[in-house]
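Reading through the structure tokens given below for one structure.
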Amino acid sequence: SGAVTAMQDNASAFGEEGFVLVGFSDRPRLELALFVVVLAFYLLTLLGNLAIILLWALEPRLRTPMYFFLANLSFLDVCFTSGSVPQLLHNLRGPDKTISVVGCAVQLYLVLALGGVECVLLAVMAYDRYAAVCRPLHYAVLMHPRLCAQLASAAWLSGFGNSLVMAPQTLLLPRCGRRRVDHFLCEMPALIAMACVDTAGLEALAFALAVLIILAPLALILTSYGHIARAVLRMRSAAGRRKAFGTCSSHLAVVSLFYGTVIYMYLQPADAYSQDQGKFLTLFYTIVTPSVNPLLYTLRNKDVKEAAKRVLGKAGAEVQ
């Protein structure tokens with residue numbers, strides 16, 4: 001395609017060196033500490049999310065819409081971190097901060113795509129909680145397996161579709177020989193800031209798409225929880241209120257962590273973008289949020305704990 005050809009031309013222009021991800025290279029002691037922290041969080045992310053996927057696959061009692069979407073979220077988090085953290089660890093480990101143009105393109109595409117998928121998937125999960133709390137008698141009819149598969153597919157397609165529009169246009173901006181990316185990832189705001197032309201048109205397009213991929217799902221989440229709050233307040237049973245709160249609190253915590261950072265990153269003008277703040281916020285939603293998600297969903301979740309005991313019990317029995 002034209003975008004691929006243009007990227008190849010850019011690669012030729014930059015030679016074999018590609019881009020330089022500046023990251024935290026002006027603070028070498030911080031880099032060493034961050035290497036240890038990032039590696040620990042990455043391993044925790046892989047362990048926690050792969051465990052959830054494995055439990056969902058092995059335990060029939062978790063074959064419900066809620067855990068189907070949770071398994072999708074865990075798979076998404078594994079992909080998201082694996083698309084960015086290995087390069088980050090390589091950059092933090094030593095003086096080599098380069099990334100090829102093609103590597104930068106792949107990283108940008110994945111970060112944009114998977115971030116968009118998570119926005120829509122969190123809205124789908126909020127609708128599932130709305131159906132469970134507000135329409136319990138019709139839940140099985142509303143959230144039938146075919147609809148769940150369609151909603152999950154819509155989340156994945158919308159995220160990758162958004163990235164298919166924005167990633168090539170961001171990569172093809174003229175940079176007048178500039179190679180230094182003031183970030184540790186090939187992220188859209190940092191790449192736009194490198195451009196040597198007026199980027200107002202691209203920023204307007206990015207804002208319009210961000211409204212669709214970020215704010216529209218957030219509006220659906222808030223609407224769902226508005227209905228859930230009303231339904232919970234009408235419940236006469238304290239046990240029923242606790243159960244409803246337990247099934248929704250984990251999702252609300254994940255939504256707050258994720259949206260708080262993403263809105264700051266992608267819904268502000270480029271001239272208001274603070275590189276240092278952007279780096280630390282990106283670190284937060286790249287390594288902290290994906291590692292915390294499994295903990296939020298399992299610490300107070302009896303179903304997952306019991307499923308883990310059953311799977312481990314079966315494994316122990318087979319070993320004996």
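Glycine is treated like the rest: Cβ placed from N, Cα and C.
Since the structure is predicted, the reported quantities are computational estimates derived from the model, not experimental observations.
The domain 'G-protein coupled receptors family 1 profile' feature in TrEMBL is assigned to 48-297. Per-residue confidence over the domain 'G-protein coupled receptors family 1 profile' (48-297) averages out at a pLDDT of 86.
Residues or ranges marked as transmembrane segment by TrEMBL: 32-55 (among others).
Long-range neighbours of the transmembrane segment (67-86) within the same chain, counting only residues 6 or more positions beyond its ends whose Cβ lies under 8 Å from a Cβ of the stretch, are 38, 42, 45-46, 48-50, 52-53, 56-57, 106-107, 110-111, 114-115, 117-118, 121-122, 124-125, 128, 148, 151-152, 155, 185, 254, 286-287, 289-290, 293-294, 297, 303-304. The transmembrane segment annotation in TrEMBL covers 67-86 (among others).
The transmembrane segment annotation in TrEMBL covers 106-127 (among others). Long-range Cβ contacts of the transmembrane segment (106-127) within its own chain (Cβ-Cβ under 8 Å, at least 6 residues beyond either end) map to 66, 69-70, 72-73, 76, 79-80, 83-84, 87, 99, 151-152, 154-156, 158-160, 162-164, 166-167, 170-171, 185-188, 191, 213-214, 216-218, 220-221, 224-225, 251, 254-255, 258-259, 262.
Here TrEMBL flags 204-223 (among others) as transmembrane segment.
If you look up TrEMBL, you'll see 244-267 (among others) marked as transmembrane segment.
Taken from TrEMBL, the feature transmembrane segment applies to 279-299 (among others).
Stretch with the largest number of CB pairs closer than 8 A to the transmembrane segment (32-55), among 204-223, 244-267, 279-299: 279-299.
Within its own chain, the transmembrane segment (279-299) has Cβ neighbours under 8 Å at 23-24, 34, 37-38, 41-42, 44-45, 48-49, 51-52, 70, 73-74, 77-78, 80-81, 84-85, 88, 183-185, 187, 250, 253-254, 257-258, 261-262, 264-265, 305, 308, counting only residues six or more beyond its boundaries. For the transmembrane segment (204-223), same-chain residues at least 6 beyond its ends with a Cβ under 8 Å from one of its own Cβ atoms are 116, 119-120, 122-123, 126-127, 158-159, 162, 165-166, 169, 188, 192, 255, 259, 262-263, 266-267.
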